[in-house]
């Protein structure tokens, strides 16, 4: 007899498989966990941080209940949402009684709980592979994201709020991004992806801002570098990422 372990942490799943014959109570417990309510995510489908978490959920083939926090309407500043996250930011991720904020922390949690399911996003087979991946995840957070978030805000998000793009800021930020992308180009000449020759969380973290920037003048900075262009084309074409960007699916609560 098998069990549906889509939401059961691996430790529980393996333990109960081993003890099932002698422990009906353990098996019943695992069945109850497997049938528990799906994950809930408070977010906004246009939010880069929300999309980062959605990409992980889709890479793992997990279902979720999307709860809209309309950032343009200011829902994140309302007392009802601040009671959920006092920082007033999305996403907020609920797994039963566990509440998590910060998209990268949420992403690593999901990928760790479901490490044997779907795409292997955390390549921690050895200390060396772990170190390399963690390094590139940090590079994304501290070198790539601050610049590309500024460019995304100025060119893509501001217009949603009816605000004008500050092209002086754009030009200054692009000058800094040039140096970062030169380093990426050298890395990607010798590696299919950033952390290894397979797609990992280090690549996934880059997707939200890249997706927006591909529709701006900044696109040229990515396509003018052959190795970066190849990498961008490959990661943005992933089915899980396309689903993460499907705004209609969010509002229609389309699930896996």
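Note that Cβ sites are derived from N, Cα and C of the backbone, with glycine treated the same way.
What Swiss-Prot records for this protein:
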| type | residues | note |
| --- | --- | --- |
| DOMAIN | 37-118 | domain 'GST N-terminal' |
| BINDING | 47, 48, 76, 77, 89, 90, 102, 103 | glutathione binding site |
| DOMAIN | 126-256 | domain 'GST C-terminal' |
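Comment: glutathione site residues 47, 48, 76, 77, 89, 90, 102, 103; largest CA to CA distance 19 Å, whole number. Across the domain 'GST C-terminal' (126-256), DSSP helix (H, G, I), strand (E, B) and coil residues number 95 helix, 0 strand, 36 coil. The binding-site residues 47, 48, 76, 103 differ in how many other CB atoms lie within 10 Å of their CB, and the one with the most is 103. Within 10 Å of the Cβ of residue 102 (glutathione binding site) there are 17 other Cβ atoms, across all protein chains. Neighbour count (other Cβ atoms within 10 Å of the Cβ, all protein chains): 18 for residue 89 (glutathione binding site).
Mapped onto three states, the DSSP output places residue 103 (glutathione binding site) in helix.
Taking Cβ-Cβ distances under 8 Å and a sequence separation of 6 or more, the neighbours of residue 77 (glutathione binding site) in its chain are 88.
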